[in-house]
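Report on one structure; see the data block that follows.
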Amino acid sequence: MSILVLIATLLAFALPVAYLVNGIVPDPYMDEIFHVPQAQRYCKRDFYTWDPMITTLPGLYLVSLVFESMVSWIPGMDLCTLNALRSINILLSLVCVCLFRSILLHLDPKVSERALLLKSVVLALYPLHWFFTFLYYTDVGSTAAVMAMYLACLKRSYWISATLSILAIMFRQTNAVWTVFGLCVGVIQFLQEAISSSKEEEAVDDTEKTPDKRYSESKFLRRRLHVCIGSHFYSGRHSDLQDAILNAWQRKWFAARQFSPFVLVILAFLAFVVYNGSIVVGAKDAHRASPHFAQPLYFALFTAGVLAPLQLSLNRFSSLRQVFRETPALACLSGAVTASIAIVAVHFFSLAHPYLIADNRHYTFYIWKDIIQTHWCVKYLLIPLYIFCWWSIIHSLLENLRDAGVRTPLLQKLWVVSFCGAVIAVLVPAPLVEFRYFTVPFYLVALHSFAKLQVSSWKFWFMAMEFLVVNALTMRLFLWKPFHWAHEPGTQRFIW
């Protein structure tokens, strides 16, 4: 019943907006001019004609075909019109909100149904996700597939998670990076279980050994660890790592069976990239990988800004001040190194893709032109804010990872390193600044941040109102503030 209430609540928000969008924008807009005809070819079972301007795999069209096949027996039902295809993303957004609910429930099993409902709906109203719910884009389906993959991973259903990662890659190829992240999360969970288990709870193959043989093997492994890691790292506060390695080694074949599907998916994707000659399917010249090292900095500022009550609070500044008080030398050294890296990234790798500076339909065009490019020093003045936002995001993840079952500080750090590595791997090669690319990592941060957030707090309601106001403003601009280009016919509209 609670899931039905959740779905009904989201539909109450979505259906009026969908009615307005379909009525005011009756023709395909922006990327829809590529996606809609391609989906309609699939509806006609034409799987061999491909638009060379489409960069993604046909996951969206295959899902649309499944929905079309499910209702094709109904007289007069055509699920391949523009409005019907757009409605598929509304259905996928319902899948997303149910996945948000399930992930939040996993992270906090004691949460009330009311809190689950409110948190899930607010997450579904996140402006980037909400806006593209009403257009035939790949974003909502991609988010749904990655969230399903992550949920299955949290539940230790690694074969299901790896299978869902294939669907995620079919929506957007960069989701292969989140497949690697899912593998890392699985391994971290496996190591956490190894740390928590006793010596008597070893792998089945090891239980048949005699105590003397088991002791001899354990002693040999300890000696090897002592040599490889070093006595200081091996002992004392790093005993958790010692226990994890010893127990994981004894269960290595079990781990291989658990995680082999991820490895197969990753290897298959790498083979595809080699065969295809690029990660994108079409328009390869316009989407070449580039060293866009400033992009992760934009992500941190954007994510922390959207989650400002959580990430830019006075408590965060107090925590940072406390770090400098407790370990001033280390904090100053870390800050200097981080600042140096950020300066290099901003100075040498702040890339302006031709699409960014030529297409005034996107908000990023105005942010780049009217903020970052107003003066040569602006991009450098933002560096301290970039650094603080990244520190705040990492700090919040470390605070909340215990709810995900990662209780060992060392493994919490490994989780954060895996997340940061995934963000870098997804964003750095992308030459174009697109807030849509931030959606998956944003949701990972937001879900863990929302897990213990009280729905009675002003922070929660501030973000709820923030999302509603931004959605209202952006949809108003999109629907009722059109403009025209002198060099191209048709109505243009503002879009994320």
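Just so it is clear, glycine is given a Cβ too, placed from its N, Cα and C backbone atoms.
Keep in mind that TrEMBL annotations are predicted by a computer and have not been checked by a curator.
The signal peptide annotation in TrEMBL covers 1-20.
The transmembrane segment annotation in TrEMBL covers 47-67 (among others).
Per TrEMBL, transmembrane segment is recorded for 88-104 (among others).
Note on the transmembrane segment (259-277): residues 158-159, 161-163, 165-166, 169, 173, 176, 179-180, 182-183, 186-187, 190, 284 of its chain, located 6 or more positions outside it, place their CB under 8 angstroms from a CB of the stretch. Among the features that TrEMBL reports, transmembrane segment is placed at 259-277 (among others).
As annotated by TrEMBL, transmembrane segment applies to 297-317 (among others).
Under the heading transmembrane segment, TrEMBL lists 329-352 (among others).
A Cβ distance under 8 Å defines the sequence-distant neighbours of the transmembrane segment (372-393), meaning residues of its chain 6+ beyond its ends; these are 294, 296-297, 300-301, 303-305, 311-312, 316, 320, 335, 338-339, 342-343, 346-347, 350, 445. Residues or ranges marked as transmembrane segment in TrEMBL: 372-393 (among others).
If you look up TrEMBL, you'll see 414-438 (among others) marked as transmembrane segment. For the transmembrane segment (414-438), the residues of the chain that approach it from at least six positions outside its boundaries are 128, 132, 137, 139, 174, 177-178, 180-181, 184-185, 188, 279, 287-293, 295-296, 298-299, 302-303, 351, 353, 355-356, 362-364, 368, 394, 397-398, 401, 404, 406, 444, 496, judged by C-beta separation under 8 angstroms.
Listed by sequence, the residues of this chain that lie at least six past the ends of the transmembrane segment (458-479) yet keep a Cβ under 8 A from its Cβ atoms are 17, 20-21, 24-25, 118-119, 122, 125-127, 130-131, 306-310, 313, 493-496. What TrEMBL lists as transmembrane segment is 458-479 (among others).
Sequence-distant contacts of the transmembrane segment (47-67) (same chain, at least 6 residues past either end, Cβ-Cβ under 8 Å): 34-35, 37-39, 41, 79-80, 85, 88, 91-92, 136-138, 141-142, 145, 167-173, 280-283, 287.
Among residues of the same chain six or more beyond the transmembrane segment (329-352), those with a C-beta under 8 A of the stretch's C-beta atoms are 290-294, 296-297, 323, 368, 372, 379-380, 382-384, 386-387, 390, 431.
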